[in-house]
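Asker: My questions all concern the structure below.
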Amino acid sequence: MNYVGQLAGQVFVTVKELYKGLNPATLSGCIDIIVIRQPNGNLQCSPFHVRFGKMGVLRSREKVVDIEINGESVDLHMKLGDNGEAFFVQETDNDQEVIPMHLATSPILSEGASRMECQLKRGSVDRMRGLDPSTPAQVIAPSETPSSSSVVKKRRKRRRKSQLDSLKRDDNMNTSEDEDMFPIEMSSDEAMELLESSRTLPNDIPPFQDDIPEENLSLAVIYPQSASYPNSDREWSPTPSPSGSRPSTPKSDSELVSKSTERTGQKNPEMLWLWGELPQAAKSSSPHKMKESSPLSSRKICDKSHFQAIHSESSDTFSDQSPTLVGGALLDQNKPQTEMQFVNEEDLETLGAAAPLLPMIEELKPPSASVVQTANKTDSPSRKRDKRSRHLGADGVYLDDLTDMDPEVAALYFPKNGDPSGLAKHASDNGARSANQSPQSVGSSGVDSGVESTSDGLRDLPSIAISLCGGLSDHREITKDAFLEQAVSYQQFVDNPAIIDDPNLVVKIGSKYYNWTTAAPLLLAMQAFQKPLPKATVESIMRDKMPKKGGRWWFSWRGRNTTIKEESKPEQCLAGKAHSTGEQPPQLSLATRVKHESSSSDEERAAAKPSNAGHLPLLPNVSYKKTLRLTSEQLKSLKLKNGPNDVVFSVTTQYQGTCRCEGTIYLWNWDDKVIISDIDGTITRSDTLGHILPTLGKDWTHQGIAKLYHKVSQNGYKFLYCSARAIGMADMTRGYLHWVNERGTVLPQGPLLLSPSSLFSALHREVIEKKPEKFKVQCLTDIKNLFFPNTEPFYAAFGNRPADVYSYKQVGVSLNRIFTVNPKGELVQEHAKTNISSYVRLCEVVDHVFPLLKRSHSSDFPCSDTFSNFTFWREPLPPFENQDIHSASA
């Protein structure tokens with residue numbers, strides 16, 4: 001009985017450790033990378049598939065992934081996306097290249113640079129606004145009574161305690177937080193709360209509209225994308241943080257957070273993470289639903305606004321005249337807390353009139369300040385709740401919210417079935433706009449969720465303003481002050497629409513100045529297609545429509561020299577979201593934006609001047625996109641050695657310290673011969689038990705396979721292990737391959753290629769559907785292309801299913817060198833299926849099936865062809881005299 005008890009205890013401990021390894025909160029993995037040296041010396045690599053689990057990236061430092069190769073740090077860094085995936089940021093200056101929205105991102109900045117940039121922006125805003133930097137930027141709603149304050153105070157034990165010292169926040173970006181570690185399923189009231197808070201609660205504005213002069217209300221209406229988006233297969237992320245400063249916590253494999261289908265208005269598509277690509281949402285199976293909520297049917301131009309406002313048809317209290325708070329409002333200490341303060345148009349123009357005003361207002365408040373609370377007749381959970389952490393997603397649903405809720409408020413959040421004005425219709429109108437949020441601050445990765453949307457270009461549109469300052473055809477440059485002095489207000493334009501015919505009219509789009517003839521097609525493209533025109537098209541229109549500046553032949557020469565001089569300096573990006581069309585990024589820092597206000601067609605292509613902080617601003621034609629591959633120069637900088645190179649990807653976190661993800665980079669030559677080997681059912685005896693029994697310590701390996709693979713590798717062949725397992729099982733699978741030991745003989749080293757998809761998706765595809773060829777064909781084809789000009793790098797392959805045979809045939813493996821094995825250990829050669837063998841028998845004739853590869857630069861003997869057994873012991877040829885031949889012919 002003691003023996004049985006010890007055995008049961010050992011099994012329990014083993015299963016417990018296995019569960020910890022598969023825990024969705026800690027599941028991370030890295031797929032090995034293959035680097036191929038080309039004949040000309042260039043290097044090509046397979047994609048860097050790295051994924052961190054949720055606990056590993058909780059409150060990470062700037063979402064930057066550090067890389068160590070062979071124990072030494074390298075200068076390259078990766079960035080962390082919302083799905084936990086790591087990717088490189090590639091700079092591109094191609095005007096014609098259109099970057100998809102799910103691939104657009106912001107540059108990676110060092111901690112010191114981003115901190116300096118934050119201080120620079122805050123200092124500039126404080127000087128212009130005349131505010132104390134330590135003033136907390138939060139608004140207290142008039143409806144906040146002592147009872148609501150007590151409720152908020154009661155919840156602070158399980159929620160983040162916001163600090164009031166903004167200077168201390170900027171010095172220490174990692175705030176102390178005490179909150180729930182895992183999200184709970186959201187109910188509709190919680191979803192509505194986050195939906196409304198991210199939209200800055202437009203329905204609560206009308207009660208204050210009568211108290212504020214209309215001429216002071218010229219607010220930009222910004223609607224951040226508030227609907228949820230997928231993170232990994234069959235999972236959905238919480239709504240983005242209202243502040244937009246950081247995206248929510250990356251979900252991990254096998255975690256499922258359900259959302260209401262009424263809130264999204266359509267069935268949630270799954271996330272697809274294919275080989276060599278970044279995760280992105282699968283296309284909807286019902287496209288007609290998307291058409292019902294087309295952005296063209298519900299979009300209006302908001303009065304007093306430079307932005308397009310998206311109105312819900314069910315919101316009867318929201319009108320065109322309703323101003324909306326942008327990110328938050330400022331609290332004047334000299335006025336009662338019950339008075340709501342707004343940001344007027346004059347202040348916004350002073351701040352630079354950049355396109356997304358949300359990040360500018362964000363700089364006026366601490367990064368983790370409480371969410372803006374607005375007034376309403378009754379208190380609701382969405383009004384009393386503090387803003388959650390920037391990293392954590394959906395909060396739990398608390399019972400006191402349901403019991404204390406007013407019946408009228410409950411009717412708003414829990415509509416009856418069939419109510420056309422309920423939450424379902426409200427969400428369906430905006431369901432088509434479900435997308436990832438744009439990065440709202442330096443180093444943020446809000447755009448990194450990998451979700452495409454019908455409104456990708458909507459939030460990228462720059463600000464628009466008009467003025468009668470003139471100067472486009474004169475010899476003077478348009479300044480900000482001159483533009484603001486003659487700025488045209490909304491009321492002036494209503495009274496006199498013929499202003500567009502005034503020759504002094506100047507249209508400011510983003511940071512550029514145009515006449516009306518040039519600006520008209522630009523504005524039409526923004527309104528009709530929600531995306532700006534490409535830079536090449538804009539330049540063509542400007543050449544035809546913009547007035548020529550005659551008599552200034554020296555100016556273009558000076559601008560050309562200035563451009564060359566500035567482009568020769570090392571580029572260092574400060575802030576901003578990458579624009580695929582090459583337009584001026586609207587989210588540059590405030591100081592940088594003031595520096596490079598260009599006004600003429602001759603100055604359009606001139607680079608921006610450096611700011612006083614010593615940084616070079618983002619060039620107008622430079623954009624940034626995600627990539628999983630490195631260039632040849634970047635690969636050479638890694639200083640890889642031939643064969644395996646240990647690589648460690650690490651993310652610094654506040655609570656867990658440093659989360660590390662280990663892998664291997666293999667440097668091979670273009671003429672190497674590769675042997676492909678499956679794992680489940682090929683090295684192990686069966687598929688399902690091959691996942692479980694080795695973890696419990698049971699040897700479930702085919703007999704003789706380790707010796708066979710070892711002898712084949714000694715003949716000069718490289719091994720590649722390809723399995724349809726998920727990336728989260730990389731460490732477990734890699735450990736199993738190292739654990740296999742057959743009387744002192746181990747498996748040869750080789751790259752481990754796994755599916756980048758989630759755990760359950762990969763298990764379902766391989767074990768249930770039994771269709772691993774979906775992944776294998778795509779993966780092996782990509783690896784094959786790295787060996788070009790060698791079109792047949794794969795010499796032989798081992799598998800256990802007809803699907804494996806199909807995959808190997810697709811990548812050019814010869815049929816007579818494809819071997820399949822069954823659970824009994826019977827090895828079959830595909831071109832002669834009646835000839836049944838085994839790993840042990842094949843090992844006896846390994847030199848005939850896998851002959852020794854002889855190459856002058858890799859052989860043990862430099863002259864192996866001269867000093868081999870045959871050439872050394874053979875009899876010399878007898879001398880041959882050709883004199884008789886010449887005499888006979890004569």
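Including glycine, each Cβ sits where the backbone N, Cα and C put it.
According to Swiss-Prot, the protein carries these features:
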COMPBIAS  152-161  compositional bias 'Basic residues'
COMPBIAS  162-172  compositional bias 'Basic and acidic residues'
COMPBIAS  252-265  compositional bias 'Basic and acidic residues'
COMPBIAS  594-607  compositional bias 'Basic and acidic residues'
CROSSLNK  LYS565  SUMO cross-link
CROSSLNK  LYS595  SUMO cross-link
MOD_RES   SER106  phosphoserine
MOD_RES   SER150  phosphoserine
MOD_RES   SER252  phosphoserine
MOD_RES   SER254  phosphoserine
MOD_RES   SER260  phosphoserine
MOD_RES   SER294  phosphoserine
MOD_RES   SER434  phosphoserine
MOD_RES   SER438  phosphoserine
MOD_RES   SER449  phosphoserine
MOD_RES   SER600  phosphoserine
MOD_RES   SER601  phosphoserine
MOD_RES   SER887  phosphoserine
REGION    125-183  region 'Disordered'
REGION    228-300  region 'Disordered'
REGION    365-392  region 'Disordered'
REGION    421-456  region 'Disordered'
REGION    566-616  region 'Disordered'
MOTIF     153-158  motif 'Nuclear localization signal'
MOTIF     678-682  motif 'DXDXT motif'
MOTIF     689-693  motif 'LXXIL motif'
Asker: Pull the DSSP breakdown for the motif 'DXDXT motif' (678-682) and write it out as helix, strand, coil residue counts.
Answerer: 0 helix, 0 strand, 5 coil
Asker: Would you mind checking how many other C-beta atoms are within 10 angstroms of the C-beta on SER106 (phosphoserine)?
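Answerer: SER106 (phosphoserine): 27 neighbouring Cβ atoms within 10 Å.
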Asker: Tell me, by DSSP, whether SER106 (phosphoserine) is helix, strand or coil?
Answerer: coil
Asker: Mean pLDDT, the motif 'Nuclear localization signal' (153-158)?
Answerer: 45
